[in-house]
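**Q** Could you have a look at this structure, given as structure tokens, before my questions?
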Amino acid sequence: MTALTIPGLDQAPTTHQRLLAWVREVAELTTPDQVVWCDGSDDEWERMTAKLVEAGTFVRLERKPNSFWCASDPSDVARVEERTFICSQDPGDAGPTNNWMRPDEMKATMTELYRGSMRGRTMYVIPFCMGPLDAEKPMLGVELTDSEYVVVSMRVMTRMGAKALERFGDDADFVPCLHSLGAPLEPGQQDVPWPCNETKYISHFPEERMIWSFGSGYGGNALLGKKCYSLRIASVMGRDEGWLAEHMLILKLISPENKVYYVAAAFPSACGKTNLAMLEPTIPGWKVETLGDDIAWMRFGEDGRLYAVNPENGFFGVAPGTDWKTNPNAMRTIELGNSVFTNVALTDDGDIWWEGMGEAPEHLTSWKKRDWTPGSEELTSHPNSRYCVPIEQCPIVAPEWQDPKGVPISAILFGGRRATTVPLVTESRDWQHGVFMGATLSSETTAAAVGQVGVVRRDPMAMLPFIGYHAGDYFQHWIDTGKGADAAKLPRIFYVNWFRRGEDKRFLWPGFGENSRVLKWIVERLEGTAPAVETPIGHVPTAEAIDLSGLDTPVADIEAALGVDVEEWKAEIPLIEEWFAKIGDKLPSSLRDELEALKQRLG
Ligand code: SAT
Ligand code: MN
């Protein structure tokens, strides 16, 4: 039998046999019109963006250099957790928090979906690297996709193209990531601006370190280096190899004495991680620099400290609510251009607009491509609309952000969005208690995933949708990470909640730049200079322990934000018990002990 000839298939700029064989196999299954090996050049960016403009997917912005407005299909706007699967051999390895399907069954189902799914389109081969290219062991992947939007976005979010392929040599390991929109084109058929398929699968094969995605073009479902590789697959690698892949920002805090502290912080999607990562301290003399806003890979260094690397190359931030007041550094980053804006509004003079930017212009084109005027009932932008921009453009990016060694973490923050119960900040008693805090983290749901917004759910370490294996084993891995280490060198763990509300429902804490006051208290705890009150749930500052100079929030509000209400916490216990029951037999006994100890302390 003669092999199928598909233009471009044989123009591979590599001699990596496994890669070549896999690309051929997928091309023969999906039957694209041609295969293009992406090099990541400016030329390629020009060609891709021009093609997207031509197709009506992109509108070039007049008011931002090299930037584009994009509206997705209204049905394809967020991660689809219901359609996300961990296909381990044993369902016990996916655990109670993931959807599971047998790998052979999933492969059979998806193979039929992929058959001919790229017909009439181009299949792009995107070699990429998560984390610095000069890492001792670069973390490589290849995404095959029939979406130009994905190519362009991967160029921003990862190190991709020729410079990544260089690191493949003849036989480097890589994570195969297969993506198809599932929207083949028949000869002469007119394309739509945002092709996708009603049927969606986001499937992970943890034992094979492989990802198959079908039917969606949206970020978290389609940019497979991000949540799929850097969290779900990497968390499994981390379990097996003794490191942590976490849903955390990485920031650098510089004190007035020029002392440097690196902080990693986990929050569920759309809870202000990007804002915290780029915070502008309101207290004099303090500075923040950023290293990442979404994902941290943490490994022990030779000195016994935990070092964090950001595997990403760009920010994929929530647009609404971002403006010169809440996140000036994000605004400065996108002002420089080279950005893709998805599902925000378009102004008549060719700029972008979204809720939270102040007074709306007289007329906009909404994310649904409809005329919008200030009287309109609809939102201008989808609540999960995003900007996608290179990290290097951030004016406060830390110079060491590409250091393959990473940066030593002094404090880990876990945070959720809770209107009640959880104080502004609590310091854990020790590592194990900190892991308990993380494991029982809860938050009100946001628009980052399809589903109801505002429901309290447990979101352990803000990783609920991203743990690539059994949540109980994941907790044990966190416990073991602490056990194997020198306790004095471990990061200290804190639990924060910027979102507590008063009886009249208003926020008690101003948040944003003022969060620097909480960071300052945390640093003073590390230095042993700040007081805290021992409460049943951990160490909590009094209002006096926090630097409130120049803040006009009433002290009564701060006190309420810091309050530990024993009755509220007693009401929380059955919810934690319910959550632990869901984890089942694999719940580490040390976490059960922590729960018992908490109950005792609450009396
Ligand atoms: O949709 S993404 O996963 O890319 C972003 C997020 O939900 O945090
Ligand atoms: Mn995220």
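Even glycines carry a Cβ here, placed using N, Cα and C.
Curation does not apply to TrEMBL; its annotations are automatic.
Got these off TrEMBL a minute ago, pasting:
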- 22-239: domain 'Phosphoenolpyruvate carboxykinase GTP-utilising N-terminal' (DOMAIN)
- Arg79, Tyr218, Gly219, Gly220, Ser269, Asn384, Ser385, Arg386: substrate binding site (BINDING)
- Lys227, His247, Asp294: Mn(2+) binding site (BINDING)
- 243-601: domain 'Phosphoenolpyruvate carboxykinase C-terminal P-loop' (DOMAIN)
- Ala270, Cys271, Gly272, Lys273, Thr274, Asn275, Arg386, Arg417, Phe512, Gly513, Glu514, Asn515: GTP binding site (BINDING)
- Cys271: active site (ACT_SITE)
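Describe the structural surroundings of these features, if you would.
**A** Mean predicted confidence for the domain 'Phosphoenolpyruvate carboxykinase GTP-utilising N-terminal' (22-239): the pLDDT average there is 98.
Its Cβ taken as reference, Ser269 (substrate binding site) is surrounded by 23 other Cβ atoms within 10 Å in the chains shown.
Take the CB of Lys227 (Mn(2+) binding site) and look out to 10 A: across all protein chains shown you find 26 other CB atoms. In this structure, Lys227 (Mn(2+) binding site) is part of a helix by DSSP.
Annotation note: Arg386 (substrate binding site) sits in a strand segment as assigned by DSSP.
Take the CB of Cys271 (active site) and look out to 10 A: across all protein chains shown you find 23 other CB atoms.
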**Q** Checking the recorded positions Lys227, Cys271, Thr274, Asp294, Phe512, which are within 10 Å of Gly220 (substrate binding site) at the Cα level?
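**A** Those close enough are Lys227.
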**Q** Near ligand 1, which of the recorded positions Gly220, Cys271, Arg386, Glu514 have CB less than 6 Å from any of its atoms?
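**A** The recorded positions passing the 6 Å Cβ test are Gly220.
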**Q** Quick one: which of these binding-site residues, Lys227, His247, Asp294, Glu514, have their CA within 10 A of Ser269 (substrate binding site)?
**A** His247, Asp294
**Q** Per DSSP, Glu514 (GTP binding site) is which: helix, strand or coil?
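**A** Helix, per DSSP.
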**Q** I'd like to know which of these binding-site residues, Arg79, His247, Arg386, is least surrounded, judged by other CB atoms within 10 A.
**A** Arg79
**Q** Mind running the binding-site residues Tyr218, Ser269, Thr274, Asp294, Arg386, Glu514 against ligand 2 and keeping the ones whose CB falls under 6 Å of it?
**A** Ser269, Asp294
**Q** Which one is it: of the binding-site residues Thr274, Asn384, Ser385, which Cβ has the fewest other Cβ atoms within 10 Å in this structure?
**A** Asn384
